[in-house]
């Protein structure tokens, strides 16, 4: 790996904005053959201090000269400026050597101003062999102006368990935070974070936390004013304004769904479901299910359920008089009107003066069989 140059002329500026991991120190007796590297890449350096060059912090396990005297540096070290929210460091274990790290402490000492520092890697792990970024974040809460003190304590060991690098014990760093101002302010207990965005408490949302969240949502134009509480418009009530307060009654099983409006069952219409869609009433127990359309009970058919059904019909010599009852024409009888009177006596001698016997129509019960239904008959 190519060596990166250290820049002693930048030391004072680095102390003012890079106080955390730059204060790593090497343990006494560190072996010279270690292959651990830590640096700030050119892009991050340009963002932080305006110079686009890599800034070396640790090379072959050894600290850059400008990071050695921590106590003197801490005495003159100002707080991290308001506009610096995080810093990126790049590290790498070159060759085959294995290094293990542990963040022993990430703690804010002024939690009303800044939350605990954050890192984008596990708190315990191995230094990667491929150059990788470690980001340390300084999360100001935006609730008030002030300077927050915090700790970042990390240790790096080799595969034999020897400490290679560590932050000094009881090292305290500082971050300047500012009370954020969100345009329009934050309502309902929300607070403006350092990005000037309102963070809303549970149950509220919106750019200013001005909207309450009701589950289920308010219906029929209801307004959610606090979490779970709807103000209903006139004519509605219920937890989520789902019920209508009808001033009129819905007849015939209709249901009021809006003030003055009813949902009518099939076959009925009108503002109060008082009108049938069938101009003439359905007969024999039939029910109106649409405009001029009846649903007939078993045994009847027709537009108005006025025609009885005989199963299996009355043949050519009878008519269906009642459900399953045939009325036979003169001279015929039987369940289906298919038997003729006197058919067996046609060739027998008749008494003198005797005439043909006239029979009155008779009612006979038919067997079970269905006739084709009419086109508008619904079984």
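Note that Cβ sites are derived from N, Cα and C of the backbone, with glycine treated the same way.
Quantities reported herein were computed from a predicted structural model and do not represent experimental measurements.
Swiss-Prot lists 1-28 with the feature signal peptide, giving sequence analysis as the kind of evidence.
Residues or ranges marked as domain 'WIF' in Swiss-Prot (evidence: sequence analysis): 38-177.
Sequence annotations record features per position, and here Swiss-Prot assigns N-linked glycosylation site to 88 (among others) based on sequence analysis. Long-range C-beta contacts of residue 88 (N-linked glycosylation site), restricted to its own chain and to partners at least six residues apart, with a cutoff below 8 Å, comprise 40, 41, 44, 133, 134, 135.
The domain 'EGF-like 3' feature in Swiss-Prot is assigned to 243-271. Long-range Cβ contacts of the domain 'EGF-like 3' (243-271) within its own chain (Cβ-Cβ under 8 Å, at least 6 residues beyond either end) map to 220, 234-237, 277-278, 287-290, 293.
The N-linked glycosylation site annotation in Swiss-Prot covers 245 (among others). In the three-state DSSP classification, residue 245 (N-linked glycosylation site) falls within coil.
Per Swiss-Prot, region 'Disordered' is recorded for 348-379.
Positions annotated as compositional bias 'Basic and acidic residues' by Swiss-Prot: 356-373.
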- Please work out the number of neighbouring Cβ atoms within 10 Å of the Cβ of residue 245 (N-linked glycosylation site), leaving out its own Cβ. 13
- Message: DSSP-wise, what's the residue breakdown of the domain 'WIF' (38-177) into helix, strand and coil?
- Response: 18 helix, 64 strand, 58 coil
- Take every residue in the domain 'EGF-like 3' (243-271), average their pLDDT values, and give the whole-number result. 79
